[in-house]
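**Q** Got a structure for you, questions after.
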Amino acid sequence: MQNPRCISCTEVKEAHLCENCCKESVCDPDPCKNDGVCSPVDNGYSCSCSPGYLGENCDVNVCLPNPCKNDGICSPVDNGYSCNCATGYLGQHCDVNPCDVYNPCLNNGTCYPSEFVVNCSCPLGFIGTYCEVNPCDVNNPCLNNGTCYPSEFVVNCRCPLGFIGEFCQDDLCDPSPCNEGRTCFRVDGGFDCRCIIVNDGSITSPNYPRDYPNQFDKCYLISGRPGQNTTLTLEAQYFIEVDGGCDFQQYTGEDCDDDYLVLDGVRYCGAEPPDSIIVPTGENTTVRFRSGVDITCTGFNLSITYTDV
C-alpha cells in the first residue's frame, strides 16, 4: 500500500507534521468479484457476495462444478445453492431414486418414477396399479380344464388333449368320430380311435345279466402274453338278438346283421354260445359287441384266462 497522501505538511523539529491525511481505499479497485459488495473493515475489507458465490473475493461459483446429480439443475440461493431435480429423482443433490426407497410393484413389475409418484410397468400376465392382478383370476374363460394365460391385451387358453377352440369348448371325441366299436381317445394333436385294452378278467355286455341297451358298439383289444395261450369262454347265460328276437340257437356270420358279438374275427348271435376259443401265445385278439335299434336280450359274459404253454 502506498504512503498516505497529505493535504498540507508543516516542517517540525526533525520531522514533518501532516494534516488532513487520506488513506487509499481498500475497495478501490474493487476486489470483490461477480457483483460482490466491498466494505472496508479493520485491517482490510470484506466482500458481501451475490447469491451463488462464495469465497473471500466472491470468486467461487457454488454451481461449478454442478453438485446436482442425474441432470438436476443448480440454482444459486442465499448462503448456497438449490437443486431442481429431474423427474424421478429426489434429495438435496437429486441422488435419490424413490423406487430404491419404496418399490410397490408386485410380480416382477418394473418401478419407474413420474413427477410426484412412482408407477409400475407390469410384465405380461399382470395388470393393476401395482401389477397385483392376474386377469385369469378375474375372468377365466377357458373350458374343459383349459389353462388360462394372459398375453399383452387379452387372455388366451391352452387346451388339454382332445379339445380345441378359442376357449377349448370343442371336444374332438364328442360326438365320437370313431366307428367299428372303437373308442375315441384324446391324444396330442387330436384324437385316436382304438379298442379298449383288456389284460385279464372278463368282458360283459352293458347291464349284464339284464338286457343290454340299444345302439351300443364297443371293441376290446385282449393282450396276448409270451409263453401263454389266451382262452376266451362265454358263460352259459348268453342271448344276443337275432332276426327280431332272442332265439335259442346259435347263429354266425351274415345271419348276425344287427346285434352281434365278434370273437376271433367271427360274428356270433342267438342263444347258444360257441366253444371256448384259444388264441396262440403272445398274440392279441379283438372282441367287438354291437347292438341295433330294436329288441335287446341278456347279452354275454366273456371270461379271459391265460395258461402256460
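Each residue, glycine too, has its Cβ placed from N, Cα and C.
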**Q** So C168 is in a disulfide according to TrEMBL. Which of these is its partner: C159, C173?
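**A** If we follow TrEMBL, the cysteine bonded to C168 turns out to be C159.
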**Q** What's the CA to CA span in angstrom from C159 (disulfide bond) over to C85 (disulfide bond)?
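**A** Cα-Cα distance, C159 (disulfide bond) to C85 (disulfide bond): 51 Å.
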**Q** Counting each residue once, how many in the domain 'EGF-like' (132-169) are helix, strand and coil under DSSP?
**A** 4 helix, 11 strand, 23 coil
**Q** Run through the Cβ atoms and count how many others sit within 10 Å of the one on C85 (disulfide bond).
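**A** For C85 (disulfide bond), the count of other Cβ atoms within 10 Å is 19.
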**Q** Using a Cβ cut-off under 8 Å and a sequence separation of 6 or more, which residues in the same chain sit near C94 (disulfide bond)?
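**A** When sequence neighbours closer than 6 are ignored, C94 (disulfide bond) has C68, K69, N70, D71, G72, C83, C85, A86 within Cβ distance under 8 Å.
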**Q** Can you count the other CB atoms that lie within 10 A of the CB of C159 (disulfide bond)?
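**A** I count 21 other Cβ atoms within 10 Å of it.
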